[in-house]
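Data block below; observations after.
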């Protein structure tokens, strides 16, 4: 059979940014979006190493017990404020992405320029709390906007691998935040009455300012180099030729009839749903739609109960129960390096093993890591060196298990499991649930850690077992699926309900 004149060879495809190679044209678009993912990770982790320095400079705890108890509460609010803001942001993200995926990223970058400046000049608890709430709002926008942009801007066979880059850049942001925090020196006790040095007074403010520079870079890239919207959004808004043009870049070939047809089908299904008024509220009244929405929300919420954000945002406080101040920051750095490096394998195995298998493996790893120190602590002295060493080792195994599975896979899965007519709103709802659960987990972590770290590990172990069983029995594989489709709802089922709603 003779080759079509529109088809090109693999070598030609590679020259044009071919889809058969990981480093291609669409990767550049994805990386421009992943700068927002970096800001996400940085904002979640930045307080981990500098929280006590802020407590000392603002004089929240000067030795008085009541005053210091109040300081602990203020610290808890600062830790949780990002997650509280993210709840609001993720709820608003559905509205934002409807105006364009690239547009939403530009809004996010401009927003973080303002927030970074505001946080860096704060001098009071209320202003820093407000600034952190705003940071959380921006993070909430990122949780939906970036995965959606990646999902719509990549080759069908690379959605998994490129989707992992979102989580990779989150872990990179976490790592950079901890590394910059090392410049502050040894982590002080929050009850210290010693004044901070001049460098320390300036540096923690510069750390809050740093995302401003990343945001400016993101704006430059999206304004001057990667100016196109996603092909799905372009097609949806009647710009078919522009959609075809960007698809040619993504697939590295002039023959984009198949992906264009997939987008056309998804857009038509979505338009039919809009015309027939199938909103999120309407979908919740239909059993098949309600089922997939609830599954997505439960899967998203359970991710937080594995305990990852306690390890990321409060590891210094956790390690303080086991180690001297000299080792705390060093160990936190090692943990974030491990978190960053172990995200790389997920890029290559997410398409080979599939989403469900990776999720199951990750939950099994977290369960074993969290259960072992808890079980031993119940048999011997909880304060023994063995329990302490096992607890520290468990945090590393938990981080590794999460980094190769639940961390990156969830955000890929949420944009593959929902049918196109509810994808935007359902993904936003699932993201909102994720952040609500993060607040529930992170806010009391300071108090629980001071009481007994083994209680935390017991909770994480139990929730990971529950997550494993939930995924095993209820979650379906989405690997290789077409954009806008869902393994939970057949096309016939969708058309039937859309037809009914029109009656």
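Backbone N, Cα and C define each Cβ position, glycine as well.
Under the heading topological domain 'Cytoplasmic', Swiss-Prot lists 1-26, 98-102, 154-163, 227-291, 351-356, 413-428, 476-503, citing a curator's inference as support. Residues or ranges marked as transmembrane segment in Swiss-Prot (evidence: sequence analysis): 27-47, 77-97, 103-123, 133-153, 164-184, 206-226, 292-312, 330-350, 357-377, 392-412, 429-449, 455-475. What Swiss-Prot records for 48-76, 124-132, 185-205, 313-329, 378-391, 450-454 is topological domain 'Extracellular', and it gives a curator's inference as the kind of evidence. If you look up Swiss-Prot, you'll see 61-68 marked as disulfide bond. Positions annotated as beta-D-glucose binding site by Swiss-Prot, on the basis of similarity to another entry: 167, 303, 309, 339. For 167, 303, 304, 309, 411, the entry in Swiss-Prot reads alpha-D-glucose binding site.
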Between residue 411 (alpha-D-glucose binding site) and residue 339 (beta-D-glucose binding site): CA-CA distance (Å): 17
Distance in Å spanning the most remote Cα pair of 167, 303, 309, 339, given for beta-D-glucose: 16
Residues near residue 309 (beta-D-glucose binding site) in space but at least six apart in sequence (CB under 8 A): 44, 83, 438, 441, 442
Stretch-averaged pLDDT - the topological domain 'Extracellular' (185-205): 71
Rounded distance in angstrom between the Cα atoms of residue 411 (alpha-D-glucose binding site) and residue 167 (beta-D-glucose binding site): 8
Chain residues in Cβ proximity to the transmembrane segment (392-412) (below 8 Å; excluding those fewer than six residues from its ends, i.e. six or more beyond): 143, 147, 151, 159-160, 163-164, 166-168, 170-171, 299-300, 303, 306-308, 311, 315, 318-319, 322-323, 331, 335, 338-340, 342-343, 345-346, 349-350, 355, 358-359, 361-366, 368-370, 372-373, 434, 457, 460, 467
Least surrounded among the binding-site residues, given as 304, 339, when other CB atoms within 10 Å are counted: 304
For the topological domain 'Cytoplasmic' (351-356), sequence-distant contacts whose Cβ falls under 8 Å of one of its Cβ atoms, 6 or more beyond its ends: 157-158, 160-161, 409, 412-413, 416, 471, 475-479
Cβ packing number for residue 167 (beta-D-glucose binding site), 10 Å threshold: 28
DSSP-assigned states of the topological domain 'Cytoplasmic' (351-356) in counts, ordered helix, strand, coil: 5 helix, 0 strand, 1 coil
